Amino acid sequence: MIEIDGSFGEGGGQILRTSLTLSVITGKPFRIFNIRANRPNPGLQRQHLWAVRAMKMISNAETKGDEVGSKELTFIPHEIKGNSIIDIDIGTAGSVTLIMQTMIPAIINKNMRIKIKGGTDVPKSPTIDYIRLVYLEILRKIGIESKVNLIKRGHYPEGGGEVIIENVNGNPSDFSLLELGKLIMIKGISHVSSLPSHIAERQKDSAKAILSKLGVQIEIETDVRQGEVSKGSGIALAAIGEKSIIGADSLGERGKRAEIVGEEAARKLIDNLNTKAAVDVHMSDMLMIFTSLFGGEYIGAELTSHAYTNMEIIRKFLDVKIEISGKRPFRFKAKIF
């Protein structure tokens, strides 16, 4: 059984999520201890528990310690349940997108349909529009197709969002994402839920004002939804290059003007573009698992503490040679033995 110190590196939920993903894919059981030991509220929190339960559902896993506050977890996966329909209700505004990140690598070619309820646009996790505009499109570039339907949006603290994931298929091998290539255009989605529509327009206009200096076509659509359970707003942007995609997002919050939300996302996007990387700082972390599973290389915007943590967990589960160089940007290469 693989032993993992949960206080290693950044010591957060990323260690657990990466371990769950790779455990289900490889069939290797693990025990993680000192879970979130260095955090103000140590142990498993509700959002982490749902990642455990989601992966338990798809792999018929045996678990010990899967309860709120637990500082130790044993996870023993069995065969993945293909050709199945799974419903996951995180409750309130637990992050749907973090659950998606954990599950998607494990359900490739498994003919599964997964419905997740919770928070689609919440702090400290990618927004659902970033997932749709950037994450899924990068996966498509490396050879993984999928269908993701956003049924309802969910914001903090009420949640109420709903997403359906299905038809995750592909057979990527030894891919290469080393540059963005010529910048073609900027795409985006500016949204509001149960708030005035002008907020979405102001977010969009603010972002466009900053991005106009890039000299390319800008297409930011607005998504206005009234009658949702939770109130909120946000914007996600994607810089479409000839060879890759760079993304950024920002969420509204009480007291934060719509113009600031749009400006924040636009400046994040430009900051990532200035690194001359092929993928942005968030995708740099998320692409590491796929590269290690299928072989390949990419240039990411910045080597974060999450990335270091991911690398160490990957080495515990996979027989793979990892080469890494640089910091901002950095190059990650994985060769499968």
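The backbone N, Cα and C atoms fix where each Cβ goes, and this holds for glycine too.
According to Swiss-Prot, H282, M283, S284, D285 bind ATP; the candidate from Q45, Q47, Q101 that the record adds to this site is Q101.
Listed in sequence order, the binding-site residues near H306 (active site, tele-AMP-histidine intermediate) (C-alpha within 10 Å of its C-alpha) are D285, out of Q101, M283, D285. Cβ atoms within 8 Å of the centroid of the Cβ atoms of Q101, H282, M283, S284, D285 (the ATP site) belong to the same-chain residues P126, Y135, V279, D280, V281, M286, L287, M288, G300, H306, site residues excluded. Within the same chain, residues at least 6 positions away in sequence whose Cβ sits under 8 Å from that of M283 (ATP binding site) are V134, Y135, I138, G247, G300. Across the residues annotated as binding ATP (Q101, H282, M283, S284, D285), the widest Cα-Cα separation comes to 13 Å.
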